[in-house]
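Accompanying notes for the structure given below.
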Amino acid sequence: MKNTVIALLALLASAGSLAATPWQKISQPIGGSAQSIGAFSNGCIVGAEALPLSATGYQVMRTDQRRYFGHPDLVQFIQRLSNQVHNKGMGTVLIGDMGMPAGGRFNGGHASHQTGLDVDIFLQLPQTRWTSSQLLKPQALDLVASDGKHVVPSLWSPQISQLIKLAAEDSEVTRIFVNPAIKQQLCLDAGSDRQWLRKVRPWFQHRAHMHVRLRCPAGSLECEDQAPPPPGDGCGAELQSWFEPPKPGSTPPVKKTPPPLPPSCQALLDEHVL
């Protein structure tokens with residue numbers, strides 16, 4: 001159903017990404033107790049923390065872009081997950097984009113990642129730590145076959161399934177977005193232990209990484225959570241609908257004007273940028 005829409009969505013995302021956003025002018029976190037504000041795709045954060053760039057279990061990619069900030073809950077999740085992976089001898093976790101120092105809208109690449117509760121993690125676990133040059137210009141491993149319906153068998157491994165499962169089993173995680181072909185492979189690999197699959201949601205792109213989203217933290221009273229995923233493992237008709245051809249007469253998505261910022265985020269911009 002959705003294969004032909006992927007390129008269109010990518011074009012829309014890039015078209016809306018040409019203009020810089022005022023959030024990029026904020027170079028340091030806003031002081032105060034940690035507060036995620038607004039929705040994942042329209043919000044900001046006060047009291048963000050920088051993910052430590054030196055760690056045993058993970059490495060941070062593209063540090064020159066300074067997208068390694070998030071709510072303390074997100075920093076702690078990354079540390080928990082990478083410690084689990086390291087203790088199991090699975091390899092090094094590769095951390096991609098989190099958020100900017102005050103969150104807010106990016107000028108490209110993401111619609112969400114605005115409240116300090118989202119992180120992209122590569123779906124590869126190198127046994128040898130990457131060099132500085134590799135981290136600055138990372139080579140993503142496209143796990144999805146050219147037909148868009150299956151993973152590439154030679155690139156898939158049980159460790160990738162285990163990495164996603166470990167993340168999904170974390171109580172703070174509400175959703176993990178992966179390509180539909182990757183979700184399908186997880187459904188095949190899961191066996192009888194399937195409860196965690198409910199959190200793994202098929203979505204456009206996401207061929208080489210998973211996008212992990214946490215719940216709104218306790219105390220972040222202006223944070224807007226999503227409704228829980230539908231009951232079940234998500235491996236049935238819903239998943240298969242992603243592989244169906246588009247219906248006759250279907251039209252490409254229309255680029256939407258971003259909604260107004262939450263008042264607290266607008267006030268933050270007014271004070272620190274505008």
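Just so you know, glycine gets a Cβ as well, placed from its N, Cα and C.
For reference, Swiss-Prot has these:
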type	residues	note
DISULFID	Cys44-Cys265	disulfide bond
BINDING	Asp147, His150	Zn(2+) 2 binding site
DISULFID	Cys187-Cys235	disulfide bond
DISULFID	Cys216-Cys223	disulfide bond
REGION	224-263	region 'Disordered'
COMPBIAS	245-263	compositional bias 'Pro residues'
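Mapped onto this structure are the features recorded in Swiss-Prot.
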residue	record	DSSP class
Cys44	disulfide bond	strand
Asp147	Zn(2+) 2 binding site	coil
Cys187	disulfide bond	helix
Cys216	disulfide bond	coil
Cys223	disulfide bond	strand
Cys235	disulfide bond	coil
Cys265	disulfide bond	helix
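Between Cys265 (disulfide bond) and Cys216 (disulfide bond), the C-alpha separation comes to 16 Å. Using a 10 angstroms CA-CA radius around Cys44 (disulfide bond), none of the recorded positions in His150, Cys216, Cys235 qualify.
Its Cβ placed at the centre, Cys223 (disulfide bond) has 23 other Cβ atoms within 10 Å.
A Cα-Cα distance of 12 Å separates His150 (Zn(2+) 2 binding site) from Cys187 (disulfide bond). Annotation for Cys216 (disulfide bond): spatial neighbours Ser36, Leu117, Cys223, Glu224, Asp225, criterion Cβ-Cβ under 8 Å with sequence separation of six or more.
When Cβ atoms from all protein chains are considered, those within 10 Å of Cys235 (disulfide bond) total 18, not counting its own.
On the backbone, the CA of Asp147 (Zn(2+) 2 binding site) and the CA of Cys235 (disulfide bond) stand 19 Å apart. All protein chains shown were included, and the count of other CB atoms within 10 Å of the CB of Cys44 (disulfide bond) stands at 30.
Around Cys187 (disulfide bond), a 10 Å sphere centred on its CB holds 16 further CB atoms from the protein chains shown.
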